[in-house]
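Record features (Swiss-Prot):
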type	residues	note
TRANSMEM	32-52	transmembrane segment
TRANSMEM	65-85	transmembrane segment
TRANSMEM	106-128	transmembrane segment
TRANSMEM	132-151	transmembrane segment
TRANSMEM	158-178	transmembrane segment
TRANSMEM	186-206	transmembrane segment
TRANSMEM	251-271	transmembrane segment
TRANSMEM	287-307	transmembrane segment
Amino acid sequence: MNHATSELHDESAVTDVPETTRVQDLLALVKMGIVNSNTLTVFTGFWLALHFNGLNALEHLDKMFFTIVGSALIMAGSCSLNNYIDRDIDHLMERTKNRPTVTGKYKPGFVLTLGVTLLLLGFVFLLLTTAMAALIGFIGAFTYVVLYSLWTKRAYTLNTVVGSVSGAVPPLIGWAAIHPSLDHPIAWMLFLIMFIWQIPHFLALAMKRVDEYRNAGIPMLPVVHGFDITKRQIMIWTVCLLPLPFYMSGLGITFMIIATLLNIGWIVLGFYGFRKKDDIKWSVQMFVYSLNYLTILFVSMIVVTFF
């Protein structure tokens with residue numbers, strides 16, 4: 001980029017920056033939306049561990065607090081470090097161009113310090129529950145920051161699969177805070193659901209934002225191999241979710257029916273994509289469905305334990 005182009009970019013960056021408060025900038029820095037959605041899965045893992053071990057939630061409120069806060073801090077710290085790492089390419093993508101690391105509202109040194117501090121605090125909180133919960137939290141952070149953000153994101157189409165490991169550990173953190181041996185199949189079904197769910201979820205997003213990823217040089221599957229292969233991969237991973245509820249019979253027939261209907265709905269919508277001419281519109285529908293799917297599924301897991 002020559003000097004004149006740099007000046008033009010800097011000038012446009014300043015004029016295009018939306019008005020935001022410090023609180024809004026901080027929430028964007030730690031990706032509060034991701035933190036909130038993953039905190040739900042942490043709580044679900046924690047709640048189900050209580051349920052299947054016959055424990056009273058009121059007697060473990062301290063652990064609940066340490067688990068939720070510790071997990072949220074680790075996720076916020078990891079997301080801050082991801083923003084720090086991606087600050088050189090985020091301006092190339094529409095959905096990330098207004099992040100505070102791009103607009104200059106937060107300096108790189110502050111973002112790095114904040115990320116590390118939040119991670120350390122999160123590990124301390126989780127250590128107040130069990131060592132296993134803290135270890136799983138470390139594995140999730142290491143996978144997201146190092147294996148995904150620093151290594152595979154800009155190098156391999158498998159970056160989505162690698163990143164899905166970090167997104168699958170939150171319910172295991174919640175479970176391990178109560179029952180660190182992790183010897184119950186429900187715990188691992190939670191992990192598998194989260195791991196598999198993320199791949200069609202993020203591939204749909206990659207289709208929707210394919211031009212942005214291409215412009216940023218990120219080798220997402222639709223960028224490298226096109227929409228047809230991506231749609232097939234989305235369908236394969238979505239179908240893989242279908243049998244998992246039947247390994248969670250301990251949650252009862254109501255949950256199994258809800259989960260199966262959600263899976264069938266996603267599969268039907270997925271197959272519709274092979275007949276639909278507007279791939280971008282279909283990818284948006286798949287992305288939105290995946291968000292609703294996860295919320296309904298995990299809330300259902302909690303609700304059915306009351307009956």
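Cβ atoms are placed via backbone N, Cα and C, with glycine included.
Within its own chain, the transmembrane segment (65-85) is flanked in space by residues 29-32, 34-35, 38-39, 42-43, 46, 99-101, 108, 111-112, 114-126, 128-129, 133-134, 137, 140-141, 144-145, 149-150, 166, 170, 173-174, 177, which lie at least six positions past its ends and keep a Cβ under 8 Å from the stretch. Nonlocal intrachain contacts for the transmembrane segment (186-206), taken as residues 6+ away from its ends with a CB within less than 8 angstroms of a stretch CB, comprise 41, 44-45, 48-49, 52, 160-161, 163-165, 167-172, 175-176, 179, 213, 220-223, 230, 233-235, 237-238, 240-241, 244, 247-248, 250-251, 266, 270, 283-284, 286-287, 290-291, 293-294, 297.
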